[in-house]
Amino acid sequence: MPAVGGIEPAKGKAYPGNLTPFVTVTCIVAATGGLILRHRNFRWSDLNGFVLEEIFSVALLASLVASSVTRIFGRRLSMLVGGILFCIGAIINGFAEAVWMLIVGRMLLGFGIGFANQSVPLYLSEMAPYQYRGALNIGFQLSITIGILVANVLNYFFAKIKGGWGWRLSLGGAVVPALIITVGSFFLIDTPNSMIERGQFEGAKKKLIKIRGVDNVDEEYEDLVAASEASKKVEHPWRSLLQPTYRPHLAMAILIPFFQQLTGISTIMFYAPVLFKTFGFDSDASLMSAVITGLVNVFATLVSIYGVDKWGRRFLFLKGGLQMLICQVAVAAFIGVKFGVDGEPGELPRWYAIVVVLFICIYVAGYAWSWGPLGWLVPSEIFPLEIRSAAQSINVSVNMIFTFLIAQAFLTMLCHLKFGLFLFFAFWVVVMSIFIYFFLPETKGVPIEQMAIAWKNQILLLLCILYHSDDDDPDAVPHAVHNMENL
């Protein structure tokens with residue numbers, strides 16, 4: 001899909017390379033880190049506010065610490081640390097005999113999630129051939145959706161265990177995906193980008209040859225070395241993020257995860273059983289409806305994997321946004337007609353509830369092939385090496401902050417806004433779609449260390465729009481080009 005102004009973005013260099021079985025398996029193993037994210041929306045109703053704030057602070061701290069670990073010691077080690085911490089936390093939770101054990105376990109889970117969120121998307125974007133970067137990176141989101149689906153199915157049966165101890169299996173069962181990423185990390189190699197950044201030049205070139213499946217990797221290798229040299233000139237990545245050069249990158253690191261949560265998806269997926277029960281389904285059918293949305297989530301993510309490198313990131317963002325907008329307005333209308341402003345629908349016909357659930361499923365599909373996977377993919381690929389770890393940490397932190405805030409505020413907002421809650425999220429979908437249309441460069445087919453080309457092209461398009469506002473100025477476009485070259 002063309003960017004604004006109808007001009008296709010520049011593609012950069014075309015490095016030789018193949019999608020080898022080695023890199024495919026490597027990315028699949030790394031992407032399993034997304035399985036542990038199924039526990040990030042833990043229900044906190046039994047913990048007081050002080051404890052909740054402490055645990056949340058630990059999770060944020062983890063993402064900041066993981067930034068330094070990822071940059072200094074490599075992406076693979078960061079994934080390994082995250083897996084180990086999550087594994088220990090899951091074991092403690094499963095055998096918890098007191099509230100303090102649950103708290104300690106959840107803190108360790110928070111650290112594990114922080115490290116996984118920080119390292120896995122970067123690892124996938126750096127390891128994958130640029131032609132297939134989108135598809136392989138979205139494997140991370142696919143793992144998240146599979147984890148959510150499996151958790152819903154297992155929790156359905158765990159809740160039926162007599163004696164009330166099924167919660168131990170639910171919490172302790174998180175050790176399984178944690179072991180997958182932990183053991184897998186021992187067999188993964190680090191990315192050539194990270195190895196070069198740490199001075200391992202000879203080993204990085206050998207790994208690059210193995211990853212790409214060709215001997216002629218000189219051009220890509222030299223560009224990676226050049227990016228590393230530029231990275232070494234930046235002594236303080238966090239401070240550099242505030243410089244004018246990196247303001248577009250910082251804006252994306254903040255606004256993409258901010259908008260991702262304001263699609264309303266966390267509230268829909270987290271409270272799906274509550275919503276479906278409200279619509280007239282009984283308790284078991286309510287949970288099964290949540291499983292249905294989980295299946296929709298998984299299969300729609302597969303659509304994104306198929307199309308992200310064919311249709312482009314902007315196309316999926318905008319089409320998914322339109323789909324979510326239509327469904328949110330429709331759900332608001334259906335709920336508004338039956339529930340009204342007092343929240344008392346009377347007798348709700350089953351066909352009516354099924355129609356509402358259908359629109360929610362279509363909404364989930366729209367999210368699952370757009371903002372869901374792209375919210376992780378795009379931030380991991382648009383940052384230059386010198387600020388990549390720091391910017392990814394900002395991305396993760398903002399995502400966690402707004403996941404937390406919206407989850408805590410949802411019930412209160414639902415009680416006060418009623419059907420207007422869906423219109424609230426619909427408004428933000430409009431805002432974020434406008435933002436994507438004007439400000440996000442198309443990164444499809446652009447090598448990760450050549451992303452500056454996409455940024456310059458997008459700035460050029462914006463400058464052209466700005467100067468074209470004066471149709472009487474024949475030098476508008478040349479003037480815009482001159483300004484771009486001076487950036």
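Using N, Cα and C of the backbone, Cβ positions are placed for all residues, glycine too.
What TrEMBL lists as domain 'Major facilitator superfamily (MFS) profile' is 1-444. If you look up TrEMBL, you'll see 19-37, 49-70, 77-96, 136-159, 165-189, 250-274, 286-308, 320-339, 351-372, 393-413, 419-440 marked as transmembrane segment.
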Legend entry - Non-local residues, at least 6 beyond the ends, that sit with Cβ under 8 Å of the transmembrane segment (165-189): 26, 29-30, 32-33, 35-36, 38-39, 76-77, 79-80, 82-84, 86-87, 89-91, 93-96, 105, 109, 112, 116, 123, 147, 151, 154-155, 157-159, 207
Legend entry - seg_contact(the transmembrane segment (351-372), the transmembrane segment (393-413)) with at least 3 CB pairs under 8 angstroms, min sep 6: no
Inset, instruction - Take every residue in the domain 'Major facilitator superfamily (MFS) profile' (1-444), average their pLDDT values, and give the whole-number result. - result: 84
Legend entry - Contacting positions for the transmembrane segment (250-274) when only residues 6+ beyond its ends and CB under 8 Å are counted: 41, 148, 241-242, 286-287, 289-290, 293-294, 297, 324, 328, 360, 363-364, 367, 371-372, 375, 378-379, 382-383, 391-392, 394-396, 398-399, 402-403, 406-407, 410-411, 421-422, 424-425, 428-429, 431-432, 435, 439-440
Inset, instruction - Tally Cβ pairs under 8 Å between the transmembrane segment (136-159) and each listed stretch (19-37, 77-96, 320-339, 393-413, 419-440), then give the stretch with the top tally. - result: 19-37
